[in-house]
Structure formats: structure tokens, C-alpha cells
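*Asks:* Just dropping this structure here.
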Amino acid sequence: MTTLVQYDSSSDDDANERDPAVEPAAVSTLPSLPSTFHNLYATKPRVGDDPAFHQGRKRAHRHVEGQWATHIYTEFWPDVKLMSILDRIVKKAGSLDKGWTSLLVSELGNQLALHISLSRPLTLWTDEREDFTRALSRVLADIEPFEMTLDNISTFVNDERTRTFLVLEVNEGISEFGGVLRALEAVMKQFKQPALYTVDTARFHVSIAWRLGGEEMKVKQLLQFVEEFGEELQALWKDTSKTIRVKEVKAKIGNQIWVKKLGELNLPHLRRTRSSSIAAADIILKFNGSPDRNILAFGMYNLASLKLRLRYRLQLLFHGRALRPQLRALPTVPHHPLAMSFKYARLPPDPGESSSLAKMGNPEQAQAMDQGGLDKNGEYELQSSKSPGSTESNTSPTGGHDVKRKLLSRHLMMISIGGIIGPGLLVGTGTALATGGPSGIFIAYCLIGAVLYLTMQSLGELATVFPETGSFVTWAGRFGDDAMGFALGWNYWYMWVTILANEYVAATVVLSFWTNDTPPTWAWILILWVFFLAFSFLSVDAYGETEFWLASLKVVFILLFFIVGVVINVGGIGDTGYIGFRYWKDPGAFADGFSGVVSVFAMAATYYAGTEMVGLTAGESKDPRKNIPRAIRQVFFRILFIYVGFVFFTGILVPYNDENLLSPKSKTGASPITIAFIRAGWAAGAHLVNAVLVITIISAVNSSLYAASRVVCMMARDGKAPRILSKINKRGVPIPALIFSNLFGLISLMKQSAGAGKAYSYLINMSGVSAFIAWAIISLCHIRFRRAIISQNKDIKLHFTARWYPYGAYIGFIANVVLVFLQGYPTLAAKPFVAADFVVAYVVLPAFLVLFLGWKWWHKTKWVNLEEADLDAGRKIYEDNIEVMDEVGDRETNLPKGRFRQVWNVIVG
């Protein structure tokens, strides 16, 4: 809808005017500029009465807040020749009666659109407006655009007999307008509005001038008009190119204009059911031409991602046979990373028209099946195109299935929380403590946490506008350069497979606490590799449910550790006595000064990696508009309470020079929690911690495989990875992408000779740089998205607004870029200089640049112009045509109730 001015009205009817039939008197002074000028530039809501808008008269009834005057109509713009005739008609009327006011031009002298009224004045309440326009959209979807002509000059008096209009009556097109009225009548009954004009006797006309009073023109004057202009109008319509095409219906609802194009594809309409399942209405794809080209498609609700532009492009290329090859060749289908699959059935032809393809099972259809155009079950696929900046005409072919939107709100919450509570936090913090000291890791984690918080604000705003599984990999191509999307996708995939290998190494170290290196490390890695691969083949809802409960256990454990940590610190467990901040003084607060703090940056980034995974889950969330903001808002709590709290307790319970933190052969797996319990003399506690570490690793490996497989699958569907990786099975699981990503987890075997500790350190440092790059590009995409909105002057509703924009986005971008270079500073300052450490610190950066420049050179991509950036594709917030269902199916019955439920919500969102 397009807002004109803030003008809430219960009615705009002349019946509400005092003495409407009396000529206006000079009872008020008109403004120095025409009222139209004030309408265009009004900045304050106008809810009072202004006689200047009613030719000096005052309303008898004040406007009622909460009610909206509504009128349905269609309009057209007359061409130069018709405008010339109409202008002479109005001037002729003015010469006969000076009371006539032209409706052809505004008070500023600009040409106006001419209206054909389709309804009486209606009144809607505020909460009815959205449902009312949806209902109009549904009933008008099956009405195709039609032609009309204007003929007789006549006059029309409104029902209240307060105004007289000089009109041209509709000649051709009356039956089509009658069909529009019949469709609208059903909506009027639904909303208990008064009936519209009687269809059988309805007169349709275009008003070109008006005057006060209900007296019709004298018969002699009317005959003069007919004689002078009637033949000229009839001659005009003999030229078929001069007919007027009715293409849309409009509704003025208070201060808003709603527009529905006739024959436009209606998107699926979601409705709530008792089982909370999503039911999609039948979608009719209508193609101009013979009716045998009509398709009745039973579609999934995510057809909304293709938007309305899809219909026009299919009209151009679809010819009623061999559907699959032709649709696959579409180069301009709006960008969407997923292929859509629909069952179809042909519609019978309209009455009076013949069609050889009107029925299912006809010879031509069978021939099309034999040619490979159709499946036996009548399915066809819609392919996505390249993102902006790409030069390829289409994407790689995909399988016939899509990822499933099965992740509930609580799944998203705990996936984000569980993603950051992994071996990196529980195991790797020990290495970070030994590197930076208690104060060093506290400062580093707080700083990186603050940067990530700003990045997540940017991610939240973009993910609610573009809830796609490809998320920031797709945005990089849309708002930056397609080459940047390519480089970011492989960079982010590399980060997750590196973290995956790191977690396999951590798993072997943790399990060796009980097994005493039997079986050997390589055997454990292979066993875990097969187990996690098999588990990942389950559907996404199984992953979400598993991650929910595993992450919940991890959160409970962290809280228990905080409590036990306080008891140990005050001397309640073991014989260490009161500890306080003893280890901050001896051996000290910093392990290696500034270099030690900087060294922890990359480790902290790796441990925080996974928080942004909520962006990847957007494409599989049932209601991203509601779920993603809720998950994003919890980030600050998680960062402040879980991570910073954990490193604080670690720093006061374990000295940074404890030999178990550094030894690659340590059975404790360098876990500071286990070390703290052992130092306190609580051996049983060490076994409990190790059990929790096993649960943590299960959850972390699941998350790593999920993220890596989804990223490379979406890249394959966008033509940036081998096409085989794009396949998705009927449960919505990308099997080839899972196997491919998990194979790279076996690189952990190559580092066994160097010791698990050394391999662990190398892997987390390399993946940390990848995290900084990904976060920087997320902030950059957010900045360019906002600037693109301004450049294109678009009105896009933001269901989640990033805090402190633009400062937060710019600070997040600059900070991440600085951290990319700063994290390797210790390798330069080290004496002696170790080349291997320097390469590990910076090798990801040149690799990213090689990918970026190579793709840019090979495909000749360009940086996306903000004025041309695609702000529509993938914007699946169910706007206008989709009613987002409430998540009744959130399995709330499985969650704790009562007061404990309130505490639970505080902890996990």
C-alpha cells in the first residue's frame, strides 16, 4: 500500500455534510497554496476538520479514530487524443454552467487518473484492513485484464442527491465489470459490508467533472453534448489500439492505496489448523493464450520466494509441453537457492474454447513424458538463477526435493546456544588460559564478544528480511560481488570442516581419559566419523530435537559449574582452602603481556564460531520472522553470562602455568574444569566433567556437519560448487554434501604424528581467521543493504532492526577487519621467528583473495550497483499474501511447566 496522508475517516460521504445541497459560501479562507499541495507534503496527521478541503463547508460528523473510509475502484490514464476530447467536453459544460469543476487535472494543473467506481463508501475497522485486502486479492486472482470503451455522455447523481457528475458511460466491457462486482460481492458479505451496486442493472461510468446539487442537466444541454462530441468519441473507438485496458483494481482505505493486478498469480495462503500443520491453498498459474496452458499447481508455501515476477517469465517460455527442459533453461527466474517441486493437473478450457490438452492423459502429454519433460507422477522443477553479479545463465541442476522448514523456535534458540558451548569452550579454554593468562582471556573474550554482538545485530536484520538457507553467502553476492559470495562460501565451509576436524581431535583426547589410548587415536576418529555421518542422515527436525536436549544439558552443566566453582574457590571442596584471586597474583594475571592477549583473539573467535549459525537455520525455520529475532536477542545474554562467566571462573580456579594445560599427552584433554576438580581433590567430579565433554562433542560435531553441509549444498545449487553436492533427499537432508564435508574431517588423522595438542592449536587458529572474515562480510552486507534501500527509495518492513545502526555495523566491520590482521601479531613478535606459526596465522587471508580474484576474473563479475541490488528475491516474510501461522506446534507440552518453566525461559530464551 502507498501512504498518501494520515487521514483516518469513518466516512467520506456527502451525507455527513451540513446543508450539502447549498452553494458554498465564503465562510472560511482558502490556504495560500492549493490543498493538493498540502496533501503531498503533509507531515502531521490530519484528524480534525478543515473547511479548506470541502470548499468552505464544515462536516456535521467528526472523524472516528479506528475507522477507515474505504472505496474500491479502477482507474486509467487517458491518452493525448482522448484527453483533448474530454477537456473540450468539460470546458463546454463550464460555459453552460459555471458550477462545474473538472476532474481531469489537479489544482496544480497536473493530469489526473480517471476513476470507475466499483463500490459504495465502506467503513473498515483497523484490524480488518489486512484480512480485507487478502480477501480481495483471492477473488480477483482469476479475473483477467480486459478492454473497455467509453460512449454516451450523460450525468449521474449520487444516492444522497448532493452532487451531480458529468460522465462518459462504459460501452464495451460492461459484462467484465459485472464479473468483477460479483467477485467483490462475496467479500462484502464476508465482512458484513452493505451490498454493492445491483449487478444486473449496474451502470459503469467515468466521471470527468462534478458540481454541487442533485439536479441533472437539462435535456437540451445534454443533446448539445451528444451532437457535438458523440460521433467523435465513437470514431475514436473504431481504432482498436485506442481501447482502454483495465489491468488492476484499487482500494483506498483511509490514507492508504491498495493495488491488485488482475490475473496476477496469487501466492499460497497459510492457515492455522488444529494439528498446527501448514496447509497451502491451490495455486493457479495462468498463462496468456490458450487455456490449455493453465496449470493447477499444488505447491509448498515457500513458493512465495519466487514472488510475482515468476509468472510473467513463465508466460514467455512455457508452451504446454516438455515442462522440465524449458523451465530448467529459464535464465531469469528470481534468485532462490532452492529448487521447487510441484504436482500439477491441467484445467479444462473456458466455455466456448477448444483445447487438445484439456484433460490429463492425452496423447501430447504422454509424448511430453516420453521426451523427458514430465515425470510419471506429474512433477516439474523450478530452477534458481545466479545471484546479482553472476554471468552464468542458470544454476546447476538440482534434485527434486527441498530442505524442510521444520525447526521450531526452541530449536533455533538451543542450536545457537549449543553452537557456542562446544569443545572449544570446555576444552580449548585451557590452551587459551595458558596462552593469555586469566586477565588476558577475560579481556579477549569480552572484546570478541562485543564485536560478535554487533555482527549478530546485522545478521538478525538481514535474516528476517531474507530468510534463506544460504544466508550471508547469498547476501555477499547480492549486495557485494558474486565473487565475494563464492570466496565467502568456501571460506565459511573451510572454517566448519576445520572445526569438525578439531572436534574429532578433541574427542579422542577426552575419550583417552577413560580408555588409556586403547583403541588408538586413529581408530577412535574412524569410529566417530561413521557414527556422526549416520546420525546426520536423519531429518532436520531430528537434528533440531537432539540439539535442543543436548544443548539444554550443556547449559545446565555450565550453571552447575558456576555454583561448584564458587564452592571450590571459597574452600568448600578439597583442602586448597580459600583461593579467591590467588592465581591472578601468582603466577600472574597475564601470561605473555599484550602478545598473549592478542594470541587469544583467534582462539576466542573459533570458540564463538557457531553463534552466527542462526542465519543458516533461517531457511529451515517454520517462522523466521518471529523465531530469528528472538534467537538474536539472546546473544548478548549468552556472551556475557556463559562465555565470559566461564573464562572468569576458569581464571580463578586454575593457574595458567598448570602443566596439564600445555601437555599434549594430558588425559584431561586440557579441560580447565577437570583440572580444577582434580586440584580440589574431587576425582569423581573429573569423571562427571569428562562425561559432559562427550555430550558436548556429540552436539558440536552435529552442528559442524549441519553448517558445513548446508553451506556447500546451497553453493552447489547456485553453481559455485560441484553439482552433485546439491542433491537433497525426500527428508530434506543433503546427503552428498554431508559425506563430502565429513570426508574433510579426516584431516585430523594427518596431524596425529605431531600430537593432538599441536594439531588442535593449528586448526583453531586457522579457522579463527575465517570467522573474522565471515563476520566482517556480514556487517558489510548489512551496510550495503541499508544503503540500497535508500538508493532505490524502497519501503521494506524490518521485523528486526539492528541496534545502533549505522555505528554498530561500521564498528563491527572495521573491528573484524582489524582483528584479521592483528591476530597474527604474536608470530611476528616471537623470538625466534617461526615461519610455520606465521603461515598458520595468515594463510586463510591469501586463500580468500585467490578465490575472490579467480572467480572474478573467470566470470567477469562486477561489484553490484546499489541502485540495481535485488531487494525482492528471497524476501519470504509472507508479505501481503501469506499469513504467518502461530507456532502452536512448538511441542510446548514437552517442556517444563510452572515456575521452573519461567526459570527455563530466562536461561534458554
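Note: Cβ is positioned from N, Cα and C throughout, glycine not excepted.
These figures come from a predicted structure and were not determined experimentally.
Below are the features listed in TrEMBL for this protein:
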{"type": "REGION", "residues": "1-23", "note": "region 'Disordered'"}
{"type": "ACT_SITE", "residues": "His115", "note": "active site, proton donor/acceptor"}
{"type": "ACT_SITE", "residues": "His205", "note": "active site, proton donor/acceptor"}
{"type": "REGION", "residues": "364-402", "note": "region 'Disordered'"}
{"type": "COMPBIAS", "residues": "382-398", "note": "compositional bias 'Polar residues'"}
{"type": "DOMAIN", "residues": "411-862", "note": "domain 'Amino acid permease/ SLC12A'"}
{"type": "TRANSMEM", "residues": "412-433", "note": "transmembrane segment"}
{"type": "TRANSMEM", "residues": "439-456", "note": "transmembrane segment"}
{"type": "TRANSMEM", "residues": "493-515", "note": "transmembrane segment"}
{"type": "TRANSMEM", "residues": "521-543", "note": "transmembrane segment"}
{"type": "TRANSMEM", "residues": "555-574", "note": "transmembrane segment"}
{"type": "TRANSMEM", "residues": "635-656", "note": "transmembrane segment"}
{"type": "TRANSMEM", "residues": "691-712", "note": "transmembrane segment"}
{"type": "TRANSMEM", "residues": "733-750", "note": "transmembrane segment"}
{"type": "TRANSMEM", "residues": "762-783", "note": "transmembrane segment"}
{"type": "TRANSMEM", "residues": "804-822", "note": "transmembrane segment"}
{"type": "TRANSMEM", "residues": "834-855", "note": "transmembrane segment"}
*Asks:* Looking only at His115, His205, which of these active-site residues has the biggest number of Cβ atoms within 10 Å around its Cβ?
*Replies:* His205
*Asks:* To the nearest Å, how far is the Cα of His205 (active site, proton donor/acceptor) from the Cα of His115 (active site, proton donor/acceptor)?
*Replies:* 8
*Asks:* For the transmembrane segment (804-822), what are the same-chain contacts with Cβ under 8 Å, counting residues 6+ beyond its ends?
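*Replies:* Sequence-remote neighbours of the transmembrane segment (804-822) are 448, 451, 454-455, 457-458, 461, 598, 601, 605, 769, 772-773, 775-776, 778-780, 782-783, 786, 845.
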*Asks:* Using DSSP, would you call His115 (active site, proton donor/acceptor) helix, strand or coil?
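*Replies:* Where His115 (active site, proton donor/acceptor) sits, the three-state DSSP reduction gives strand.
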*Asks:* Take the domain 'Amino acid permease/ SLC12A' (411-862) and average the pLDDT across it for me.
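*Replies:* Its mean pLDDT is 79.
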